[in-house]
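Record features, source TrEMBL:
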- 17-246: domain 'NAD-dependent epimerase/dehydratase' (DOMAIN)
- 20-26, 114-117, 149, 172-175, 188: NADP(+) binding site (BINDING)
- 116: site 'Important for catalytic activity' (SITE)
- 118: site 'Important for catalytic activity' (SITE)
- 145: active site, proton donor/acceptor (ACT_SITE)
- 196, 211, 218, 278: substrate binding site (BINDING)
Ligand code: GDP
């Protein structure tokens, strides 16, 4: 059994595998880990299918990673989650079980499982503390994804409790940033609104549709801040209890729409389509545990969205329509 007062885990010189390195989170981790002098490992999806137990275990046996970040996941916004519950549940459960089980069998020294704030009950008390997990029913639009992530995190902590493995889980809030998915059927709200407003501006359309009532509130964290927090926790955190990663920067979707319109310089109307789902009313994470360890974010919401918009404008021809699953 490990304890909180152990010396920090040293990534230097270690074989570190980022599973899901092509996704938004995995690619941010790769960029951040370049500063850690470790031996970075990645494997393309065409070579190893992480939903296959045999593929995953065989590759890990050969590569012998010493530390593992599980950023591989089937991800998507409110629409994709609600439309493909079977795929979100099965693919995420398989990836998590295959990697975590093989990591245990192969004696991986340290492993991080990435969850999500949607695993908390729909009506959890705000800001949401880690203890709220499994105290109420989930938001139906992302229940399948949440159940898979809960299973993975419980498995990581079961291995930690039962075998003393240094397997930890983190729960990031809503993320955005470089390599975000701009496909409107699959994207989250920030890339969706950037794209909709940019395209409306270019086409001189005078309105843009925003889903739902505009009243739900979301906390957003830039993926580069998330990667920094993950590396920090990989070194510093040893408890099998999951830990929240948030920014504390919360905004109503309606206000976010006006902010993005301002950044994009879209001057038309914003129309709320109340027939589309709102999802969870609010999911602000309580990050006092993370703050107490000494980490805080550095990228503000406006600056982060501006940077994403600039980057996307430069590459939008190759990004539009891409299904950016890790
Ligand atoms: P969620 O946190 O799982 O609900 O993830 P999303 O980022 O997909 O959605 C956040 C909120 O933004 C929800 O209330 C959506 O209804 C709202 N929203 C408004 N317009 C859009 C849009 O064009 N795309 C997406 N994905 N969400 C939108």
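Placement of Cβ uses the backbone N, Cα and C atoms for every residue, glycine included.
Everything TrEMBL records as a feature, shown here on the structure.
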residue: 116; record: NADP(+) binding site; contacts (Cβ under 8 Å, 6+ apart): 145, 146, 149, 171, 172
residue: 175; record: NADP(+) binding site; contacts (Cβ under 8 Å, 6+ apart): 24, 25, 188, 220, 221, 222, 223, 226
residue: 196; record: substrate binding site; contacts (Cβ under 8 Å, 6+ apart): 184, 208, 209
residue: 218; record: substrate binding site; contacts (Cβ under 8 Å, 6+ apart): 173, 174, 189, 250, 251, 253, 256, 282, 283
residue: 278; record: substrate binding site; contacts (Cβ under 8 Å, 6+ apart): 212, 213, 215, 216
Practice task
Enumerate in sequence order the binding-site residues 26, 211, 278 whose Cβ-atom distance to ligand 1 is under 6 angstroms.
Solution key: 211, 278
Practice task
Do me a favour and check the Cα-Cα span between residue 26 (NADP(+) binding site) and residue 211 (substrate binding site); whole Å is fine.
Solution key: 28
Exercise for the section: Compare the C-alpha of residue 211 (substrate binding site) with the C-alpha of each of the recorded positions 20, 23, 118, and give the closest one. Expected result: 118
Fill in the blank from the handout: One should report the C-alpha separation between residue 20 (NADP(+) binding site) and residue 118 (site 'Important for catalytic activity'), rounded to whole angstrom, as 20
Problem - All-chain count of other Cβ atoms within 10 Å of residue 118 (site 'Important for catalytic activity') - result: 23
Practice task
Round to a whole number and give the Cα-to-Cα distance in Å for the pair residue 23 (NADP(+) binding site) and residue 118 (site 'Important for catalytic activity').
Solution key: 19
Practice task
Give the number of CB atoms, excluding that of residue 26 (NADP(+) binding site) itself, located within 10 Å of its CB.
Solution key: 24
